Amino acid sequence: MTSLPESKPGAKKLGLVIDLDTCVGCQACATNCKEWNTSGHMAPLPDRHPYSAGQEGVWFNRVHSYEAGDGEDGRTVHFPRSCLHCETPACVTVCPTGASYKRAEDGIVLVNTDMCIGCQLCAWACPYGAREFDDDQGVMKKCTLCVDRIYNEHIPEERRVPACVSTCPANARHFGDLGDPDSAVSKLVAERGGIELMPELGYKPVNRYLPPRRAPKADAGPPKDAGPLPSQITNPLLRWVDKVLSR
Amino acid sequence: MNPAPSIVFFTVASGAGYGLLFWTGLLRPLGWVPASPGFGAAAVGLALVLIMFGLLSSMAHLGRPERAWRALSQWRSSWLSREGVAAVVTFGPAGLLFLSVIGDHTALATAMGLLSALGAAITVYCTGMIYASLPTIRQWHHPLVTPGYLLFAAFSGAALLAMLAGFWGQAAAPAAIAAVLGAAAFLLKRVYWASVDGARPVSTMETATGLGAIGKVRVLDPPHTETNYLLREMAFRIARVHAARLRTIASLAGFAAPAVLLALALVTGGVVAGICAFAAAALAMVGLMAERWLMFAEATHTVALYYGADTRG
């Protein structure tokens, strides 16, 4: 059924919160996503010419790098882009076959690749480029929010998060229920002013991006409670202790 | 958007086919086109051939054409599914129309003709809505897109009907209709182009990344050095100079010249009228291919914003 499930207040809305302040653009999330999902729910993810010019394949997560602003306010922002598991995903409603669907129980948007006819209208309907076509199988593929990990009782509980979240070395990716205002991710979004991408299109994405924090003023000096600088400590033993404790 | 030849050909061919079916179904009972079974069979036959080739061509676009039947199931939410259902349902009365004109069953032909006309109009309306319902592509999400699909189908169908009626020496009525529709199509397309060229895109790199609060956003590094599906399918770029030329070809060869030729057919009559109507129909089909190709090539998708393209087109 490509009609959307009725949205009830307090319903579970699983999604990601991505911290653009701490993302270092290392591509580990994209790599681990590919690694997990090429043998996961939507497996395989094709790769054409993987070791030569013309490399091309399906990825659920792509990490862009941007420059935003100018002068002192300007900064580099690494920007992972993947499915936002929207509340009103047109990719689902345009699907003529019922292959695309949004799960009522947790809001995850999935494709049943056994029913997909490969018309690719869903990719046109997605503003965020979350869907990529698999030329080998002739069907559409997309992020599953690692539906085969997050409920998987065969892996330790602490690892039941999407592959991109588990691998992030900067802890820039957070996973949880954005429908619950008391969840850790919802609190993070509230605290940091999490943003929606292209809200003007009305897709109501569930995933949120935490904007980069304002850079401190260059002439602000050391914080008031800062101790002496290492160079100001004359005793070598104390200097070593300071160094160890400052790590 | 990537102008896939299968979709360009499909929408032009099936649009003209449905237009031809519409006018044949409507004008036969009025006696505005030749009443002979031969003419009816030619008109309905050509319409069905165009529709069928169009639909087969659209199947070539699918990754899994053998599953195409599944596309009939989600008519509650999907315009593509509704188009499929409308197309399949319309084959019923259209097929019976073909049989009844051959068998010269006037009453049945009239009823089936009117039902076919209704089915044709609904199908083309659904085709237009597939495009017009996508907020991701501002050039398609425009109030003139669906009226355009309907008008261009009606125009090309009437031009084809005038061509066929010309062989029977009775092109006047369809030629008059087609000339008026050609002029209307010319105007609609001009107004549409002026509107999309003048509009400011709602979505920008700043809203796409959410970084607008910091300032202007520029691409530093793309996520991949080679191309990918998104770039090939949705970040198709057309040189502005080519677009301008193709617009001239589409509006002049596709709409204005056929309208003039059809008006000429109306005043001359006889063999000259037949030749004019034939040339008008041929030009209209070629011009509409250019128009449809442009409809894709000039359409800009929001996903291109992530790769630094502006969507002003």
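Every residue gets a Cβ built from N, Cα and C, even glycine.
Some features that TrEMBL has for this protein:
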TRANSMEM  B:7-27  transmembrane segment
TRANSMEM  B:39-63  transmembrane segment
TRANSMEM  B:84-102  transmembrane segment
TRANSMEM  B:108-132  transmembrane segment
TRANSMEM  B:144-165  transmembrane segment
TRANSMEM  B:171-188  transmembrane segment
TRANSMEM  B:246-265  transmembrane segment
TRANSMEM  B:271-290  transmembrane segment
Mind checking which residues reach the transmembrane segment (B:271-290)? Cβ under 8 Å, same chain, six or more beyond either end.
8-9, 12, 15-16, 152, 155-156, 159-160, 162-163, 165-167, 169, 171-172, 175, 178, 182, 246, 249-255, 257-259, 261-262, 264-265
Verify whether three or more Cβ pairs under 8 angstroms connect the transmembrane segment (B:7-27) with the transmembrane segment (B:84-102), leaving out any pair fewer than 6 apart in sequence.
yes
For the transmembrane segment (B:39-63), distant same-chain residues with Cβ under 8 A (at least six beyond the ends):
4, 6-7, 9-18, 20-21, 24, 28, 33, 87, 94-95, 97-98, 101-102, 109, 116, 157, 160-161, 164-165, 167-168
Restricting to the same chain and to residues at least six past its boundaries, which positions have a Cβ under 8 Å from a Cβ of the transmembrane segment (B:171-188)?
23, 27, 32-33, 144, 147-148, 151-152, 154-155, 158-159, 161-163, 165, 251, 254-256, 258-260, 262-263, 265-266, 269, 273-274, 276-277, 280, 284
